[in-house]
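Beneath this line is the structure, given in structure tokens, with notes to follow.
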Amino acid sequence: MREETSPGEPSARVCGDAARAQGSVRSAQKASLADAVAQGEGARAAVAMQDAVAPPSDADGARSGRIGFLEGIGCHVVWGLMPVYWKLLSAVPALEVLSWRMVWSCVFVVLLCVFVKRTRFLHLFRDPRAVRTFLASGLIVTCNWGVYVWAANSGHLLETSIGYYLCPLCNIAFGLAVFKERLTPMQKLATALAAVGVTFFIVTHGGDIWIAFALALSFSAYGAVKKRGGYPALPGMAFESVLTGVLGALALAVGAVAPWLWQLTPATPDALAVTSPALALGLLVGCGLLTAIPLLLYSAAANRISMTALGFIQYVSPTIALVLAVSLFGEAFTLAHAVCFACIWTGIAAVGVEGALSARKRRAAV
């Protein structure tokens, strides 16, 4: 007996087939959409990769140069005012001041890294090149600090000014010899004028000129080592500070059991020297912060601008120091000072005019 089918069964089968067909279409659409999304993500990744490998634009380079210039100016203003700070600590032996400076610089730089959540610098201990670079730069800058503190507190502030007038010339020499930088005509003129002024100053004034050359050569070598290293400013500064901080702590430990160590650089109290032990301790702690901030700015500037540009900016700090020497410490402003100032600032003005004209031409060409 043949089964009978209700009139609704064929319609049900047709509807089921249609539903399955629609489901297949929806599945295909979903797959196509997923493929499109995947392709879109790939396109975005490709664009991101292109952006990552694309060279920086002229605008980015100009902005980086301006930031580097401001960083360089800022650090040299602080350095120019430092003689006042060291005069306040002139009742403390220079070697002891140096040791405290190394320790507290380390503390403040590490705290800064923690504050900005950039504490991943200790991995540099596993990088032999980083250890060599920052051990060299740390030892160089420690020698520079020691000579400067001793000279400023021993009545040789004028020689420190000469040394920092020589620094830009040494920087330019390092830029030419090590980094193969080229000078523009105005930079050559400015270098020649600065050389004439500094040479005249040295010849007519004399004095303990070894202080000047020790400061100039050590500081320029420090900048060259940092630039060749090419490490980021804050992690590099932190790693360097840890290395020098350990040396400072060792010196303080030795000085605690062998006080004769401090007598290698005996104190020569100035009229500005503080007499309160508590205040002196506070200043010793503060010298770490006073050291860390400008040195961090200098490290950042050295990575952003050329050694030649850094050289001309460095005329700021000795100028401030000379103004302080004349206005605050009563040192005489001689003909040698006048000739040196005239030559240096004429050269700086020439370079400034050249830079302004070049910037105007670039803007006009855009």
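Just so it is clear, glycine is given a Cβ too, placed from its N, Cα and C backbone atoms.
In TrEMBL this protein carries:
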type	residues	note
DOMAIN	68-201	domain 'EamA'
TRANSMEM	67-86	transmembrane segment
TRANSMEM	98-118	transmembrane segment
TRANSMEM	130-150	transmembrane segment
TRANSMEM	162-179	transmembrane segment
TRANSMEM	186-203	transmembrane segment
TRANSMEM	237-262	transmembrane segment
TRANSMEM	274-297	transmembrane segment
TRANSMEM	309-329	transmembrane segment
TRANSMEM	335-353	transmembrane segment
TODO: Run through the domain 'EamA' (68-201) and tell me, per DSSP, how many residues are helix, strand and coil.
DONE: 111 helix, 0 strand, 23 coil
- [ ] May I ask for the residues of the chain that lie six or more residues beyond the transmembrane segment (67-86) and have a Cβ under 8 Å from a Cβ within it?
- [x] 97, 148-149, 152-153, 157, 160, 164, 272, 283, 287, 290, 293-295, 297-298, 300-301, 303-305, 309-310, 313-314, 316-321, 324-325, 328-329
Task: Residues from the same chain, set at least six apart from the ends of the transmembrane segment (186-203), whose C-beta lies under 8 A from its own - done: 162, 165-166, 168-169, 172, 209, 212, 308, 312, 315, 336-337, 339-344, 346-348, 350-351, 353-354
Open item on the list: With pairs fewer than 6 apart in sequence excluded, do the transmembrane segment (130-150) and the transmembrane segment (237-262) have three or more C-beta pairs that lie under 8 Å?
Closed with: yes
- [ ] Report the mean pLDDT of the predicted model across the domain 'EamA' (68-201), rounded to a whole number.
- [x] 86
Open item on the list: If we skip the immediate neighbours and take only residues 6+ beyond the ends of the transmembrane segment (130-150), which ones have a Cβ under 8 Å from one of its Cβ atoms?
Closed with: 82, 86, 94-95, 97-98, 101-102, 124, 160, 211, 214-215, 218-219, 221-222, 225-226, 228-229, 231, 236, 239-241, 243-244, 247, 265, 291, 295
